[in-house]
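*Asks:* Sharing a structure with you now.
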């Protein structure tokens, strides 16, 4: 009869035979927990087991010791204890060497059925990759390169080649970097960041495209990729106009419409081309599509700050800190708010913090450099601008910062050499012509050359604000105020800018048009309430003109404005305390 029919019987492991299951070793339990992501549990148990192994070397086999060291190191890596993790990974590799010399594995006591040593062992290549990751987090790039270089080329996985390529590039080893990027593309032809890496190292767009042509032709709906490569080839050669046109053609395609990365690239290109209005517009579109967007927000914050929209900058900084305080962008945005509020010590600290988080942040280097320059530490500022140029050789604002430093220290010859180099390297466009003219204006001998350069720039782009400002400065020196007024009115016909309205106000005062001058200063202050020169212009007018009701109202505004300015000036003296307390913008 069936035993289950018997009264008082029950099914237990003692009465019903179960399939035989091999008893798991304690190391296998550790491996399972590691696979399940139970890092804190792995750390505790593996630490205890390694101590046991140290006290009794016969307790675990060499392969088990290797596994325990790797799993323990992995848990340390997860806890961001990178130096400790490197130490344990190194011990694991030493154990692996000893293991490879041993032909047969000693049986482990206390483990009934040990598995063969070759089964389930962590990859030695993966261990070396993790070590390299630790070294990069510790900013020991040379050690990271050394550990990855030790891996034979045939054994390098795509992620190892990608890391090597980035490290080589950072170290200035361009040929090795190109080789590694190409190897990534050979294994993964759709690795777009590797494509950008090659283009940034001056590899021709056609050569890069040829490495992806087979996959483009074999997969439907990938025809846009060749155009994408072409667009970013223009980006990395500094041809902003053709890059903008090519990306616009991509962005208009229905399948790629409203892509945040393309919009961000467009915004950055408009910024590089000096078209701040369109740059802000594209950044706003990207931000609406992705409210958690961080990339490029440092440039967006800088543009808002330049326009005097400091409240918007402050809000942007707070929002970015809520998304992540481990990226450079929130710190740069908050630093821009401080810089344009004349709190230079605070801006310096925030810029340094951003660089600490991302040493490749160009905007952070520019912020810190500008703060150092305005604090009179010109030589330190020059170092930061040179590093920004090294990282972004096609960005004109990096050169502008360096040239301003040279001019601030009366090194006109160095400034002229740099401006000429930029003109030759980036080509004769409105921006490079204006930059060269700016230096020429500093030397009485080259005033006529400056005038010619500015006329060429304004012929190319009549609305380019920097060129208009410099031409107005030249006309002011020559006391050609009527010509200056005509120039400024023409420039303001299709745009509104604080500086242009203020300079127009200055020119109108010079020709005794006081009421309209007052209107221009008011418009300038409505665009940037912190513009000190517009306030000074209004105050000067009040001394020369009997006050009317309108000017009395402006006087009240001036008092309020100067009070704000006083607060800003005073705040700089507290910056050292703030830097120590680290209590700005989400640092509590």
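Backbone N, Cα and C define each Cβ position, glycine as well.
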*Asks:* TrEMBL lists region 'Disordered' for one of the ranges 58-77, 78-97, 98-117; which is that range?
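*Replies:* That would be 98-117, the stretch labelled region 'Disordered' in TrEMBL.
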*Asks:* With TrEMBL as the source, which of 483-535, 536-588 is set down as region 'Disordered'?
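*Replies:* Spelled out, TrEMBL records region 'Disordered' over residues 536-588, not the other listed ranges.
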*Asks:* Quick one: DSSP breakdown of the repeat 'TPR' (362-395) into helix, strand and coil?
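*Replies:* Across the repeat 'TPR' (362-395), the residues distribute as 27 helix, 0 strand, 7 coil.
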